[in-house]
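Pulled from TrEMBL:
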type	residues	note
TRANSMEM	58-77	transmembrane segment
TRANSMEM	395-411	transmembrane segment
TRANSMEM	417-439	transmembrane segment
TRANSMEM	492-515	transmembrane segment
TRANSMEM	521-548	transmembrane segment
TRANSMEM	577-602	transmembrane segment
TRANSMEM	905-924	transmembrane segment
TRANSMEM	957-981	transmembrane segment
TRANSMEM	1002-1022	transmembrane segment
TRANSMEM	1034-1057	transmembrane segment
Amino acid sequence: MVLIAVIERLQFFLKSCNIHLICCTNGLFEDIAPSHWSDRVKGGSIIYRLTKAALNNVTFIILLVVIGIAGGIWSLFQMPIESFPSISAPVVNIVTQYPSAPPKTVAEDVTAPIEEALIGLPNISSVNSTSSEGYSVVTAEFNVGVNTSQTDSAVTRALQGIALPQGASTPTINTLDLNALPIMIVSLSGPSLSQLGQIANHVIAPALSSVSGVSSVTVAGVDSPAIQITLNPQALQAHHLSPEEISTDVQDALKTFPLGQAVMNNKGISIVAAPAANTLEQLANLPIVSSTLSLPNTSKMSHFSPSANSLTLKNLATLNTVTAPASTISRLDGHPSVTLNVIETSDANTVDVAHNVLQQINTLQSQLPKGVTLSVLQNQATSIKASVNGMAREAILGAILAVIVIAFFLWNGRSTLVAVVAIPLSIFISMIVLHAMGITLNMMTLGGMAVAVGRVVDDSIVMLESVYRRMQATGQRGADAIIHGAKEVASAITASTLTTIGVFFPIGLVSGIVGEFFRPFALTVVFSLIASWFVALVVNPILIHVFLGKGHIDTKHEWAPARLYRKVLRWSLHHPFVVLSSAAILLVGSLALVPTIGTAFLPPTSTPSLNAKMILPAGTTLAATNADSLQVEKVIRHLPGVLQYQTTVGAPTKASKSIVQSNVANFFISLAPTADPQNLSTELDNRLNALHLSGATFSVAPGSSFGGGSSTNQLQVLVQSSNPAHLAAASQTVARIMQQQPGVSQVQNQLATNQPEITVQIKPSAAAALDLTSSDILGQLSPYFVNSQVGTLSSQTSAIPVYLQLPHNSTMSLSALKNVPIQTPLGHSVPLSQVATVSMQSVQTTITQTNGIPTATVSAVITAQNVGKVTHLIAHAIAKAHLPSGVSTVMGGVSQLQSQAFSQLGEAIVAAIILVYLIMVLAFGGGLAPLAILFSLPLAVIGALLGLYISHQPLGIPALIGFLMLIGIVVTNAIVLVDLVQQHRHEGMALDDALLQAGSTRLRPILMTALATIGALLPLALGANEGSLISASLAVVVIGGLFTSTLLTLVVVPIMYRILHHGRRHSGNSQIKTA
């Protein structure tokens, strides 16, 4: 029944917007419209009829307001909270194993076919590959915004037709989610590493995984038990057995073989052959058959040989329970630990999930053994809440300042209340729409609210001032004054709101990360402005009637500042050359500041933490990397402001967690809240380089909510050449150029250096003569150098991996390798040199390519504020360098992102200006008045650039968004002024008189709206929290531009209007069109 009543009321309201007037109830909701409206107001626009309809449907409007407030509050609490908008930038990694194959073979036989299949796929931006010994990683990067399900299916189809060499695994496709960074990093520490591993795997990880919203929990640094089988070479040779034969027997003994199904009692029952060994004792007593006189081609069937002599595995090898070879090593404050990374689901609320995980951790802590501690190293929710609370605090403070400005001008509590009600109501209404669209509450939506706070009140101010002034001038009260005041400004309010909204539409043209990043910001502002337009034309008239309709209005004379302004404007109209020349000089002077302001992509943001990485030469063992990491920890321990540090030696690649880089160590350092992460990152980088660790390169960056632990100002230069020697020489030259450039640190040449490699080249003829194949020979060699897993010893309570190897001899010489015995099918052994050529050579350990071209990446962090200048100088120096022939360079990283973003935002600004002009032409019905208004835009540039210069803010993406906003905000004031000029001229007033009268009349609302917007943005411009750092330059641009444009618009726009309309007779259609 209630819904039907609301629908009926809505129907009546829509009818009244057209021609009908509907009465309301008595009391507060009494019929406001007098019966003689039609005598006083004839004609008028459809827009202002909304006001007439609202005054006759008070109950319905108040119900809408209550629903809007309640819905907005509910939506606000329902919106997920995150630091920044989730960005869909699909990255697909294709990992292919090719055991024992050298990098060059992997690149030619595995990587190349995969690259050819991927290049040319729709929406693909680049294909990068890394070919290392034994595996290939191909990374396909797709355009931002592409659906990940589409990329997965496209890559799967592309790979179906490729042919890979025998021995290569089936390519594994992994989609990298840029948003799937750990929301929490937890460390488990205690006296026994094996105990920690058991607790982490069987208690902590399952408990945290069960929390709602948690996608997965990964464990690093676990020390787990294993069974090590170490073969005895002399015993093998005595029984004419090869390591490969033992490996095959052990694998068979540990396997479960499916044998099919049997039908019993009309039911199918599976039949399996159970493993021959389930305990260490059973495995040690595993029979191994030796043949001293095996027939040809039956060596692998020795169990059935008539001359077999039974042996057991323990006669040929030693079996021990040991610690499994760890792929990673973890420490907390220098003590052994286990690290757990908690990753949330894509649709989860980070703050809620983190809160629930912390509750689970507190519960688990009370259940842990004595001496075992569970501590949180990193909690994303903490920085999210701090940033969100800081931004919300600045938005509220901005709203308070805007209210103070309005109260100062109106000097009336009831009038101020009428005007400022637009702030919360507009924000609440926009929250409903944002929640319905699935947009989260993040730094950009909150930034949009903070910016909108000062702008949403503008329409209400113009409406209130128009009605209030009419009440002062004519003594009218109630609906008469409200309707006449609304009629005077309704079209101007609509046109100014449309122009402000219009400037945000070109953001839809901006692609890539910038477009995805700032789109929620733009949508927040747009929906808030639409809501403010509705509030000004529908809600404010009712409030004006309630609070001001029957009270006393002071009929004082013309506002004193208006009288002074009238004199200034009269003088300016008679001295246009002086005014315009002065404005032009100021504009040129401000443009001259651009080189000193500098450019940047995004301002650096940091949390009280540091992320450091150490990379040693490829091939460095985990033990060697661990030894160097201990020296790094000593440096970190003595760094001022360090609260805690966590070390992880061995890093899984981004492409696959199963591929661990043993030459990499990562360090997460938690700092005191008062510490300066930027300065400490530089200091730590200097101290680490002073260690002079052989072959080590370091990178240090402040922690950031952007994730990844890398600087937002990282520059990359891609050096490409098909000639390996030229590529190496050119990359070294580029690295040297970057090192010599001031404002650049942490230069790294990521081209893999050549390392010595032993090559075993099989002699096909010699091997065939002994009835040996290449796989036979390589299979026998492998256990000498690889501790391979041959199976798992499974029981009801555990599954222990089993490894097999020959005794390691780390000092084996080349001659010793040549004499390694190779078992033949006839039971004889020959030295390896008889069936293969063994030689030493220098090879590249890793081959990297971009779009099929061999590439070396030289990276660095730009520490200077003027990122654009530094990248320009580096690019210029590289262009002048005499690089080898056939070498090309591409600027990447922050340089590429900044170039693309600046170009797209420049196009968006031009499109916004054209769109705003078209809207004004449509509104005014002519092109001259809008052209005069456009002259207010260059005036905003003066203050915007001056503001950046004074505040030492770079011209970056947020600043360009600020310039885009200025286009809509600045013309708003000019529209309000020129519209009244048009109205006065339509009434027959002379040109100069119309300009003077309109200027003095509109002075107060123009100043009120401008200063209210400036007041609302001041906290954002002066804020120091992480979110405001991103929006500070935006606020500075708007404040500076609005300040100078407001002052100069009041004289320059009237002068340009006079010049363009001088000598022309006024046309009745030249004011804003009405319907």
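A Cβ is built for glycine as well, from the same backbone N, Cα and C atoms used for every other residue.
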Segment-segment contact (the transmembrane segment (417-439); the transmembrane segment (492-515)) at 3 or more Cβ pairs under 8 Å: no
Other parts of the chain folded back onto the transmembrane segment (492-515), taken as Cβ under 8 Å at six or more residues beyond its ends: 47, 87, 89, 143-145, 455, 458-459, 462-463, 522-523, 525-526, 529-530, 532-533, 536-537, 897, 900-901, 904-905, 907-909, 911-912, 915-916, 919-920, 923-924, 957, 961, 964-965, 967-969, 971-972, 975-976, 979-980, 1072
Among 395-411, 521-548, 577-602, stretch most in contact with the transmembrane segment (1034-1057) (C-beta, under 8 angstroms): 577-602
Folded-back contacts onto the transmembrane segment (577-602), same chain, C-beta under 8 angstroms, at least six residues removed: 712-713, 865-869, 894, 897-898, 901-902, 938-939, 941-946, 948-949, 953-958, 1030, 1044, 1048, 1051-1052, 1055
